[in-house]
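As recorded in TrEMBL:
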| type | residues | note |
| --- | --- | --- |
| BINDING | G151, G153, K154, T155 | ATP binding site |
| DOMAIN | 140-270 | domain 'AAA+ ATPase' |
| DOMAIN | 356-425 | domain 'Chromosomal replication initiator DnaA C-terminal' |
| REGION | 1-85 | region 'Domain I, interacts with DnaA modulators' |
| REGION | 329-448 | region 'Domain IV, binds dsDNA' |
Amino acid sequence: MALEFWDIAADRLRKSLGNNNYKSWIEPLQLVGESAGTAEFFVPTSFFGNYVRQHFEDQILYQMRESGFEVTRVTFSVGRLDQEPVARPSSPAVVAPVKPREIQGAKLDKRFVFDNFVVGKPNELAHAAAKRVAEAGPVTFNPLFLYGGVGLGKTHLMHSIAWELQSNRPDINVMYLSAEQFMYRFVQALRERKMMDFKELFRSVDVLMVDDVQFIGGKDSTQEEFFHTFNALVDQNKQIIISADRAPGEIKQLEDRIASRLQCGLVVDLHPTTYELRLGILQSKIELYQSSYPGIDVRQEVVEFLAHRISTNVRVLEGALTRLFAFASLVGREITVELTQDCLSDILRASDRKVTVEEIQRKVSDHYNIRLSDMLGPKRLRSFARPRQIAMYLCKQLTSRSLPEIGRRFGGRDHTTVMHGVRKIEDLRNKDSQMSDDLDLLRRSLEA
Ligand code: ADP
Ligand code: MG
């Protein structure tokens, strides 16, 4: 039955994604099964799974629903239908001999473990709080409320807590689900007249985690039921962990009494990532990728380029990296800044910080104490030429202008002059630490 539905969904996907995408990415998917709102697919490689997750997950989910599946989530794991699934290296260790209890609710992503979470200033509090509740000691704050913008690691932290609890405390009942799934189950229980079962299930857990709770804003009966569940668990001193994209008081159409209950415990926000954190995350993801793509190297300047140019959303950063590795493995070339710019032009444009050529010229001439007219004029003295080259280099790095365009803005110079300048600075940057510090400083102040 499910396979028939999948045929219909696949056919719709062929139409919406085009034949090439369909052949490359959809046809190889093997539907393994479907339960509790999750459809599970086997994929040939982990790269393949990542790629499909990044690019087609929403479409797949949408077309499956349109074709009659009652799914809210799809998962991709490496395997073939005639084989056992391949265990991935990042899967958390299972503690012998007690087999941990299955986490109830939604499936957990194997990559979302504490070991893969890079800690920096913007997320250190959230991380510390998550670690604390994962110890399952006496409940000190209830609920733990994590909030922050999209792609800053809320779901990653929640899954990490669940994995950790599963291996350290196999005796306790953990339930993780999204607020949407909570609603879905609630509505289903109403429809099937199984409200008693529903209440019993939710009141029997020791740790309840509800992700993206902003979803219940405006959904009155779901809110009501959530509130009862919440209170019942808090009364029994059971740990609750909630995430949302904003602070409790700012969730639209959320009843005041619920908002104030949500604030009773510890409210921690994940701040937008900083340049330093993005660097750290990129480095750790590159190491992960390199185990599946041996031989592909990413230059340090590319890593810095990405950390500078891509927005604070880590999901976007990962998407960029996935594409870059796929591209490099196809063309079999080393990843350079140029290759990166070509391959990621759409992503870069979308998260462009909009630093202008004029700002760069002004900032650099201020920094080196020369007049703007000397930077743009014909003088070839080193004391003018060097800042000019630095400004050109920064224009290449921080704006999406082409070399000829940059040349035009520097007093009508030729693109080969710009290229020469950019190369020169790249070269100096690697040799001369003063130069590399200057560049960092300038970049930082331009982006502030
Ligand atoms: P949110 O739930 O806040 O929207 P996610 O937890 O889904 O964000 O994170 C988006 C992606 O970014 C995930 O693939 C996650 O692994 C990754 N990510 C976010 N923050 C970090 C971090 N600090 N270290 C490593 N990966 C991260
Ligand atoms: Mg999330």
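Just so it is clear, glycine is given a Cβ too, placed from its N, Cα and C backbone atoms.
Since we're looking at a predicted model, the values are computed, not measured.
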Reported in the order helix, strand, coil, what are the DSSP residue counts of the region 'Domain I, interacts with DnaA modulators' (1-85)?
45 helix, 18 strand, 22 coil
Give the number of CB atoms, excluding that of K154 (ATP binding site) itself, located within 10 Å of its CB.
24
List of residues, in chain order, with Cβ under 8 A from that of G153 (ATP binding site) and at least 6 apart
F117, N123, A126, L270, V314
For T155 (ATP binding site), the same-chain residues 6+ apart in sequence with C-beta under 8 angstroms from its C-beta are D109, F112, D211, D212, S243
Near ATP: residues not in G151, G153, K154, T155 with Cβ within 8 Å of the site Cβ centroid are G148, V150, L152, H156, L157, S243, L270, V314, R315
Averaged over the region 'Domain I, interacts with DnaA modulators' (1-85), the pLDDT of the predicted model comes to 83
By DSSP assignment, list the helix, strand and coil residue numbers for the domain 'Chromosomal replication initiator DnaA C-terminal' (356-425), in that order.
51 helix, 0 strand, 19 coil
Residues of the domain 'AAA+ ATPase' (140-270) by DSSP state, where helix covers H, G and I:
67 helix, 24 strand, 40 coil
Ten-angstrom check, please: count other Cβ atoms within 10 Å of the Cβ of G151 (ATP binding site), all chains counted.
20
